Amino acid sequence: PLSLQVQPPDPASIRVLRGHQLPVTCLVISPDDRFIFSASKDGSLIKCKWEVESGKRLCVVPGGKKGTEERHMGHASHILCMAISSDGKYLATGDRNKLIMIWDAATCKRLHIFTGHRDAVSGLSFRKGTYQLYSASHDRCVKVWNVAENAYVETLFGHQDVITGLDSLSRECCVTAGGRDGTVRLWKIPEESQLVFYGHQGSIDCIQLINEEHMVSGADDGSLALWGLTKKKPLALARQAPYWISAVAALRNSDLLATGSHSASVKLWKCGEGFRKLEPLWDIPL
């Protein structure tokens, strides 16, 4: 298992990239690990591209006033989520003002704006190996888009509360976290069907697929749940209350997970045998 080989980082090796004036809301790393794209609540500095090696800021897309999105390059409200296609060609950003913008990741040029959501766009994910984009929103629905053709495909309904997170891998499906409706859902796009999972007590605020068969989610009651896509209830549930879990990450196809919460640290976890156990490894103070 990978979790046995991982060492805690040397605090001296943690680099800080500074440039945003206000809280950073989301970021993605390019598939070749060379660039970081970040976004913040900053009006003047909505989106940045950084070079990992040097820490240099390569391009900045300024924001603007609401209603001027067609005329200038950037968003006019907080960016809440981002996704990059698995070949690194397209970058998608979603904002509080219901818009999804598609960018050329190499040049930071805006290519298209998708409209259609009726509330804030809270999650974006490209299906691996394709230009199919999934989006989730506070309007409680998931939308499917074809970015290569600038086309809307379909809308999926089911959540009873704002959707707080979304993820996908290579299969034609995506998973979502439904906030206070207490459900995690798996959407099977071709069948137009969904599976509903129950297990958290609080608001489910973040979700990520570990592999094509398992996923992890975090909630504001401090619980972390490990799921198999064939079982309705969690395979494992860990509580670290009272710390609200605001972010989860999985090293794809491994047994290593990370969670972020307001405990001022990032916690690393090991998935035990058959994904039926969650064991804390260590904390990285931040």
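Glycine is no exception: its Cβ is also placed from the backbone N, Cα and C atoms.
Per TrEMBL, the feature repeat 'WD' maps to 17-45, 72-113, 114-155, 156-197, 197-237.
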At a C-beta cut-off of under 8 Å, are there same-chain residues at least 6 beyond the repeat 'WD' (114-155) that contact it? List them, or none. 80-86, 89-90, 92-102, 161-172, 174, 176, 187, 189
To what whole number does the mean pLDDT across the repeat 'WD' (156-197) round? 97
